[in-house]
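Working notes for the structure below.
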Amino acid sequence: MNFELIYVSSLLLGICLANQADVVPSDCNLPADAGMCYAYFPMFFYDASSRKCLNFIYGGCGGNANRFWSEAECMEKCGGGGGGGGSSDGSQKTAKMLNLDLGDICSLEKKVGPCKAHMPRYYFNRETGLCEEFIYGGCSGNHNNFQTKEQCESFCAPGNSPRPEEETRKRTKQSY
């Protein structure tokens, strides 16, 4: 009798563990939520019904945890890791979706905007070739605006944006 109970228990445990791979984290079942602010951040959310990561625009504050900077990050967290290459690849997909060029985004000047929020952000400084902190006001910014230094560095990585020395070489050649 005890052997049968142990056998059935282990069988049920095995079934539960096998099905656990199909379980999506609860955050991934939340709907896309732009939040209550009016900034413009292209993001991805996991759509549990289609089992895909879809794009949406995040307003910069509020919202929920079903929000990712890249399709790859979204798929890794919610879709079982089948989302393709790293965050740089996801950044390129996001930019292409919005008809933006990564070099153009990373070349934009920092833009605080006219609103009075106090949101620490990072932008890529083309002159120094580094991601630097600035205070974003919460509205009317541009795409060179990242929540973390890591996101900025990933998006404006050396292979993605023109470096100051490349720009200088181009201008020097054009001057002659």
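Placement of Cβ uses the backbone N, Cα and C atoms for every residue, glycine included.
Given the structure is predicted, the values throughout are model-derived calculations rather than measurements.
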If you look at what Swiss-Prot says, which of Cys53, Cys61 makes a disulfide link with Cys74?
Cys53
Name the residue from Cys61, Cys78, Cys106 that Swiss-Prot records as disulfide-bonded to Cys37.
Cys61
Which of these links to Cys115 by a disulfide bond in Swiss-Prot: Cys106, Cys131, Cys139?
Cys139
In Swiss-Prot, Cys106 is paired in a disulfide bond with which of Cys16, Cys28, Cys156?
Cys156
Where among the disulfide-bonded residues Cys28, Cys115, Cys131, Cys156 do you find the Cβ with the fewest other Cβ atoms within 10 Å?
Cys115
Counting every protein chain shown, other Cβ atoms within 10 Å of the Cβ of Cys37 (disulfide bond) number 18
Taking every residue in the domain 'BPTI/Kunitz inhibitor 1' (28-78), the average pLDDT works out to 88
What kind of secondary structure is Cys53 (disulfide bond) part of, going by DSSP in three states?
strand
With helix taken as DSSP H, G or I, strand as E or B and everything else coil, how many residues of the domain 'BPTI/Kunitz inhibitor 2' (106-156) land in each class?
9 helix, 15 strand, 27 coil
